[in-house]
Amino acid sequence: MTLGPLENSSSISPTFLLSGIPGLEHMHIWISIPLCFIYLISILGNCTILFIIKTESSLHEPMYLFLSMLAITDLGLSLCTLPTVVGIFWIGARDIGHDACFTQLFFIHCLSFLESSVLLSMAFDRFVAICRPLHYASILTNTVIGRIGLASLVRSVVLIFPLPFMLKRFPYCGSQVLSHSYCLHQEVMKLACADIKANSIYGMFVIVSTVGIDSLLILFSYALILHTVLSIASRTERLKALNTCVSHICAVLLFYTPMIGLSVIHRFGREAPHLVQVIMGFVYLLFPPLMNPIIYSIKTKQIRDRVTRAFCY
């Protein structure tokens, strides 16, 4: 008689196996050098942004308060994946317990969707600054900014909170190997020896209600911004207005492009090479925290000047 997944408990492993880069296991120690450099730059860059905004009173404005939220989120994302990535590439520590895996994926997804909310808030900031400049200070008060940040956090936590418990109720037998160096919901649920339809539907609902809605609202905000900018008579003023949005547009593209690409590959790209999934996963979680501080330091004069003073004097 064949045992069902719940009965065959002896085959259920208490751990998952994380993966590095397939086919390059012998080079993991060398690959860890640029990875550690990326983490170091990400952490130092975001800490520098936070320090500058905190210590420079002239930067206590809505745009920079939202930027500090973005830096905190990016810092959290870097710290979430750092232990498992470094463990795999330094000492080959692939095992991760179920509870540790579920905890990690909770924070990864929660912070990812929080970053989406922050990017939407920053788009709203640019919309008010360009389309309603006379009401900017009265609309985006510190109280309103605090409420926006709190609402973004609550939305992310409430939507992601059920996921670990939905995964915890499953038995996991057969292959325990994950494709990435960290845990993601859409990947862990595929290892379950049970019907995962509810998880798949809920996961899609979460993506649509966060990334889907946020990206559409960001696009709508920039449509209104572009309409307002094109109505400005002076070409110099038009370019000046658009230039204030460049950093945010880069941050949006850096975040949404790999995130949507990874979601599509996991759900529909079963024929995609495994290496593509791994690389897309690293781009998704490593590049936004790395590039956002660099982009804002280069494109934002106030931050660029403060960084220059800090390192040159």
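The backbone N, Cα and C atoms fix where each Cβ goes, and this holds for glycine too.
Automatic, uncurated: that is what TrEMBL annotation is.
TrEMBL has this to say about the protein:
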DOMAIN    45-296  domain 'G-protein coupled receptors family 1 profile'
TRANSMEM  29-53  transmembrane segment
TRANSMEM  65-93  transmembrane segment
TRANSMEM  105-124  transmembrane segment
TRANSMEM  136-161  transmembrane segment
TRANSMEM  201-225  transmembrane segment
TRANSMEM  246-269  transmembrane segment
TRANSMEM  275-296  transmembrane segment
Would you confirm whether the transmembrane segment (201-225) and the transmembrane segment (105-124) meet the contact rule of 3 or more C-beta pairs below 8 angstroms, pairs 6 or more apart in sequence?
yes
Is the transmembrane segment (65-93) in contact with the transmembrane segment (136-161), using at least 3 Cβ pairs under 8 Å (sequence separation of 6 or more) as the test?
yes
Same chain, outside the transmembrane segment (105-124) by at least 6, Cβ under 8 Å from its Cβ: which residues?
63, 66-67, 69-70, 73-74, 76-77, 80-81, 148-149, 151-153, 155-157, 159-161, 163-164, 167, 182-185, 188, 206, 210-211, 214-215, 217-218, 221-222, 248, 251-252, 255-256, 259, 285, 288
Let me spell it out: take the transmembrane segment (65-93), skip the flanking residues so only those 6+ beyond its ends count, and list any with a Cβ under 8 Å from a Cβ in it.
18-20, 28-29, 31-32, 35-36, 39, 42-43, 46-47, 49-50, 53-54, 104, 107-108, 111-112, 114-115, 118-119, 121-122, 125, 142, 145, 149, 152, 181-183, 251, 285-286, 288-289, 292-293, 296, 300
Mean pLDDT for the domain 'G-protein coupled receptors family 1 profile' (45-296), rounded to an integer?
89
